[in-house]
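The transmembrane segment annotation in TrEMBL covers 132-150, 209-228, 240-261, 302-327, 358-376, 388-405, 440-462, 474-492, 507-529.
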Amino acid sequence: MADITSAMADVKHIDEKKHVETIIEDGQYADDREDAAYLEREAALNRELDAKLAAEPEKLPKAIWFIIPNEFGERFCYYGINPILKKFLTEMLGYSKPKTNSIQHTWKSVSYFTPLLGAAVSDSFLDKFKTIVSLSFVYLAGLIMLSISAKPGADHPDGTRGFISPGAPLAALFLISLGTGGIKPCVSSHGGDQFLAVQSFNINKFYNYFYMSINLGSLISGFVTPHVRERNCFGHDGDCFAWAFGICAAAFGSALVLFIIGKKWYRVVPPSGQFFPWILAKAAFTYMFRGRARAEEVHTHAVVLELVDLVKVFYVISPVIVFWLGFDQGNTTWQDTSDQMDDSHWLSSEITNAVVNPFWIVTLAPIFANWLYPAIEKRVQFGLIRRMVLGMFFAAFAFVLMALIQKKITDNCLDEVSLDSNGKEQHACMDRSVNTAVMLVPYFFVTVAEVLVSISGLNLTYMEVGRRTKSSSAALWLLGTGIANAIGAVIMESPLGDTAQTPRHTFYLVMAAVCVVAGLVQAAFAKLYTYRADRVVKA
């Protein structure tokens, strides 16, 4: 409390120079005239709002109460599509299970590569607010197209139904991936931008709320869209995909309206006015071939410092690609496994794989933030990277459990025949002695891993880079998921992903081993990394 009082006394009497100083991080821009002008521009844009924030630094900015609900609505939409997409691709479009898994991983991969585009546009030409709104309309157009194109095909005389032409639904999925990916790095960093330097103690609280909103949206939509999908809307039970996707579109549209309403409360970090990734690329080229001194002379000390920080963050988070490769099996291979279980006394495999993870997140995230982390840090340093390393080992254990569960199912399952939403017969090897409730256990451990890895990664990629590269840093964090899903798409088309050639439990054990190796690599990187707060800033 004394720190807050001191900070308030310092900022209540700010003049123009002091106002600029409150938004300088670690003094990194102090020696560059161009960057001083950039900070002056930011100060001028936010002068009135910053004065209000500085007067009450202990309070959370009002702006975040428009940003967090927007994230809730967007995640409700994205995770509302996820649990029913597999059945939509197999039953309505006619794809095989391996092909469906590959398409799902490809869709996620595009969703996590496009943050690079959103970050580049945001940091260079548009501010974050304009980028979010512009790409949100692309996202909304994709949702509407998906809902309209999900109406079932024509009925056949035998009572079955023809498949939908895949062109429009796949185009809609592309628009959705472009929109959701493009806004991803901007929303989280836009939230962080709402805090002054003297409010840094509240940023961790914001990111915990932010992550909670993601998982509340996921938890609720995981119940809603599968239940809607199971209804008889067009003549067959389970054919109500169009209405389920339509609910997602309505939720996202409402969230977008709320986000736009909050505009007058947002702090604005202006774009550089140049294509900043290109500036960084030129600085990197000069650094590599002509040395740091020449790079600073040509591109300014501040640009080189931001480049170095960004590269350091990138290498230390790179092993997390393996974590996302494993984590995103939840809607593909893990759902295949739960499809073989009995769901008569618990939730269906769709709902189980949609809601168990966010349920555990909502339960565990505040426990870790408010009790476990403080208790551990009283005894030992437990920084962000150490948390991520530990998370990799929890992920490995979750895959060992999945291997044991899958082995039992494979050894005891019997062939059963049922009708899908098109009235067609489908065969599955079922083990009715295993209930879908057993998925609570591996999901518990993979969610512990997620709390340790993902929330820590969000914090790390915001706090450890400069102001103008925060969206780019967030994009690099999300790029890991994109790369992971690109690898996943290839694996699903390979012998390792084909259960006819590689038993599924063997695949799970391979994933466990890879997670352990990645954790060891990241532990080695952690020993070489020094946090910005602990570095000697160049004068």
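Cβ coordinates are placed from backbone N, Cα and C, and glycine is handled just like the others.
Worth saying up front: this structure is predicted, and the values here are computed from it rather than measured.
When each of 209-228, 240-261, 302-327, 388-405 is checked for Cβ pairs under 8 Å to the transmembrane segment (358-376), 209-228 comes out on top. Using a cut-off of 8 Å between Cβ atoms, the transmembrane segment (302-327) and the transmembrane segment (440-462) share at least three residue pairs, counting only pairs 6 or more apart in sequence. Counting only same-chain residues 6+ beyond the ends of the transmembrane segment (240-261), those with a CB under 8 A from a CB of the stretch are 66-67, 69-74, 76-78, 80-81, 84, 88, 92, 132-133, 136-137, 139-140, 143-144, 146-148, 150-151, 221, 224-226, 228-234.
Here the transmembrane segment (209-228) has long-range neighbours at 64, 67-69, 71-77, 79-81, 83-84, 188, 191, 240, 243-245, 247-248, 251, 348, 350-351, 354-355, 357-359, 361-362, 365-366, 454-455, 458, meaning same-chain residues at least 6 beyond its ends whose C-beta is under 8 angstroms from one of its own. Within the chain carrying the transmembrane segment (474-492), a Cβ under 8 angstroms from the stretch's Cβ atoms is held by residues 98, 101-103, 105-106, 108-113, 115-116, 118-120, 181, 184-186, 188-189, 310, 313-314, 317-318, 320-325, 328-329, 332, 457-458, 461-462, all 6 or more beyond its ends.
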